[in-house]
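Asks: Annotated domain 'Ig-like' per TrEMBL: 307-393, 398-472, 492-600, 999-1089, in sequence order. Per TrEMBL, the feature domain 'Fibronectin type-III' maps to 605-699, 701-794, 886-982. Positions annotated as region 'Disordered' by TrEMBL: 1-24.
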Amino acid sequence: MSNGEKVWSLGEGQAPEDLDKPVDTPPLSSLLIERPQGGSITVGGDISFVAKVEAQDLLRKPTIKWFKGKWMDLASKTGKHLQLKETFDRRTKIHTFEMHIIKAKDNYAGNYRCEVTYKDKFDSCSFDLEVKGLLHCLSLRRTAKNTRHEDAGDLDFSGLLKHREPKQDETPEVDVWEILKSARPDQYEKIAFEYGITDLRGLLKRLKKTKKEEKKSEAFAKKLDPAYQVDKGGKIRLVVDLADPTVELKWYKNGQEIRPTPKFIFEQKGTQRIMVINNCGLNDDAAYSVAAGEEKCTTELFVKELPVKITKEIEAVKTTVNERIELACEVSEEGAQVKWCKNGVEVPTGPRSRYRVKSEGLKHWLIIDDASKEDTGTFTLMASGGTSEAKVQVELKPLKIIQDLQDMTVLLGQPLKMHCEIFPGNVPGRWYRNGQLIQSNDPYSIHLFSCFDRNHRLEIVNSTIHDAGDYTFVPEGYSQSLCAKVHIVDPPRVHLESLNFPDNTVTIVAGNKLRVEIPISGEPAPRVVWMKGERVSADLGQNKLHWVILDSGHRVRAETFSDHTSLTIDIAEKEDTGNYKIVLQNEAGEAGASIKVKVVDIPDPPEVPLVTEVGGDWCSMTWEPPIYDGGSPILGYFIERKKKQSSRWMRLNFDLNKETTFEPKKMIEGVPYEVRVFAVNAIGVSKPSEPSKAFVPLGDEPTMLVVDDVTDTTVTMKWRPPDTIGAAGLDGYLVEYCIEGSKKVTNKELTEKTKYTITGLPPEAKILVRVRAINAAGASTPRTLQHSILIRIPRHLRQTYTRKVGEAVNLVIPFMGKPRPKVSWLKEGQTVDPTQVTIRNTDCDSIIFIRKAERKHSGKYDMKVEVENHVDTAIVDIQIVDLPGPPQCVKIDEVWGGNVALDWTPPKDNGNAAITGYTIQKADKKTMEWYTCIEHYHRTCITITELVVGNEYYFRIYSENMVGLSEGATQTKDSALIVKEGMQLKNPEYIDHDFKEPPKFTQPLINTFAIAGYNATLNCSVRANPRPKVIWMKNKIAIIDDPRYRMFSNQGVCTLEIRKPSPYDGGMYSCKAINYLGDALVECKLEVKGQFGL
């Protein structure tokens, strides 16, 4: 068998003949709910053993151990042949422990034991494993067949033997045992092959055992017996006889050396060595061994536990509920395991149980802190040597009513809480309403809260009408009951939400009938009053809403029924518009609600339309909406026109015009017209407005006004005639222009051509141009150029454009000019390399693009724009920056005290950007860990201070520009050693500052409003030295020993607290601070308002 297979084998700790001996275990408690059962398997098979423990009353996981034989713990033997698993089912609260044996061997057979412990509880179970195999007869002769083997191992010659042809054995028989005993170990394999032995490993084991048996002990004349037995609490002597009395002797228990103690006493008589074990306990049940030099002999000690007898019986108990019960009993042995039962069932003693178990010495108690009637029964104490039982009788205490139920009146929907108090406490009971039992799942949302000691409560979260009636509480087990009446009242309510009126507004067309029915509720039925709000004039020209009780007449009347009230208006009029209020009253309270009645009608006529602009056959008109829209939004307008001399109006639109502007068309040029407007809402069309003033249509404006040519001082414009020319014809065109920032200039004479040149313009000027058409009806609207005309190229982009190395450069330089300008670029006077810089030109801009900028792209780029004989230039300065190099020549100038002066020169490469600072770091020579002393330092010399005396420092410096810190740093070649120097300290003389000052308030009191019944505080802060005396005054009278006021002063903050002030506590309050240097005073006004702002 290999080393990996030997780690959990039977081993040498127990002889095979001891496997079937019964194993003594300590007293058991019922932890295992499923015990592992014995079984049998064939060699090479698998088997599993399962143990289950219920964790219902356990606070933590129990401890389990698996043993083979008496003492071999299998926890350290796990491997490919043995596996131990643990699982826990949270739903059933059960721990499952499994032991799996894989590919079993012959020597796996034997007795196994499973032990479970939890605190002082213990449980154990033994089981057997039988391994069945094909037994072969081992012959020690050449003609013998294969023997029974534990493991073929690596030396399996069965394959070779199968291919050999059988021959008749004519040689004499040979005793292989004698050959092996006399042979050297290196010849074992050769002998096994020669004589056909396949189970060499098993044969060698037997040979080794045989040799051990033949070996005689040289150290021991007499060894320990194989086993000893002693009663629990007794004494035993383990004796060995030494062949050599001078040899060193050591005793062991389970492999641990035993030292002399009062429990373990070592004695010596001649060649005998004796170990005495006093007061044997269960923990002394173990394997013992004694070592003399290199030899060792072993034995096992079995401790027999005596039966526990009951020395004092349990006494019967008769008591009442809620009392404490203690059942006491004495046994013959301290720490004995006992079991308490009630009516033959074990008493639960977990953390959530009502029962507690206590033991002290020989005494055991079962305690019930709060006895109930269910505790009546027969209680039994079970020990290993006997039982004791006694009867417990628990009776009810006489009922005493401390607080009876009270009659109640509760608002509908509010919580209903009923309470009573009886003695004794913790007595359950039942609640009844009108003789019917109240269940916890009552459909009316009833929740029961009862048995809080002596108090019993019934709470209804949301009371309903059904909850009114007679309530009774009946304590369980008693004939007495407690009664009370509950009356449910419902304040009146107006249910406007059921009407589905937007904003509670009812709309009715004038002349129609209106009837509004509003649901109401209340218990008892409320009284209903209708009121209408009328606006009356108040001071300062404001209107105030005044409510007037509505008188029921023939046209307007109000009616009230059991579940609703109604308002009826037979013929609605404009005056019926307004707010209507409903007021409900009953004994439970008052409620109100408002609705708005809106009577709608056709709108008033719009205002007189105004003609703002007139064209050749059209005009533009506008008007104001009507003053009164009829109570309904204006949907649109109808427009009509007529000739001034005619009386026939013609409608211009058949679809409503939503806006208050309109453009009538298809009019005759030079003929006077009038227009009018109708307003339309959802009710109908209004009366027409008053006609507008008469107007005459004019000609259309010119079209397609463009710039034809631009020079330094002239601009040539051209256009086309109007699209339509009326009957009045066309007399000519009027050209108007202005330079930005100056007055308008007009040509003096009309031009009949559609082209005109404006002369005498200054260079680099922007001008605006417009053209009007002129006929007998007058000048048309002007046609204006959409943008100003720019003659020269603008000059801008004077600032430097900065980018980091690797970033993209994308510049767009706009320009203007007519006709299309010609653009060219130069860099430092040379043509731009198109492989390095990409340039794209359009009609209005030029784009310069560099995909990945490098420092060589830095420089000034000249842009040249040409328009005929006009030239303009712009310079773009591009700067590509990178990280700087490290500083140069960093050296230590001077070292004194804890200071070091450093000096350096700027870096050779500044990264094409100005150096913005330096970062200085230091490092101790011992650790060479760098720490930053200062960042963003601008000078090239610095003094580093606060260095530790005795340390030696190196320094390094980084340079920094707008891109960041340099990649490397320059370090000092030499180090600076901080040496301690002798110094004489001359203490300077200081003149004590005079902190004395008279009182001065740094935070004054402020005027305060307070609410009656709520505490109010007044705060201020004062500064003074010495500490001033603070006096609070009300109306210039000092406040002294008044319990309604509390005064605090903490670090100059003075506080006056007024407890639950009333309106009489208002007035002028002042705070005065006094010391011997002077005094100061601050005041404020306190106004106390009522709880409702009155």
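Every residue, even glycine, has its Cβ placed from backbone N, Cα and C.
Since we're looking at a predicted model, the values are computed, not measured.
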Asks: Which stretch, 307-393, 398-472, 999-1089, tops the Cβ pairs under 8 Å count with the domain 'Ig-like' (492-600)?
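Replies: It is 398-472, which has the most Cβ pairs under 8 Å.
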Asks: If you run through the domain 'Fibronectin type-III' (605-699) with DSSP, how many residues end up as helix, strand and coil?
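Replies: Split into helix, strand and coil, the domain 'Fibronectin type-III' (605-699) gives 0 helix, 35 strand, 60 coil.
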Asks: Over the span of the domain 'Ig-like' (492-600), count residues by DSSP class, listing helix, strand and coil in order.
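Replies: Secondary-structure breakdown of the domain 'Ig-like' (492-600): 13 helix, 68 strand, 28 coil.
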Asks: Using DSSP, how many residues of the domain 'Ig-like' (398-472) fall into helix, strand and coil, respectively?
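Replies: Grouping H, G, I as helix and E, B as strand yields 3 helix, 40 strand, 32 coil.
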Asks: In the domain 'Ig-like' (999-1089), how many residues does DSSP put in helix, strand and coil?
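Replies: Its residues fall into 3 helix, 60 strand, 28 coil.
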Asks: Over the domain 'Ig-like' (307-393), what does the predicted model average in pLDDT?
Replies: 88
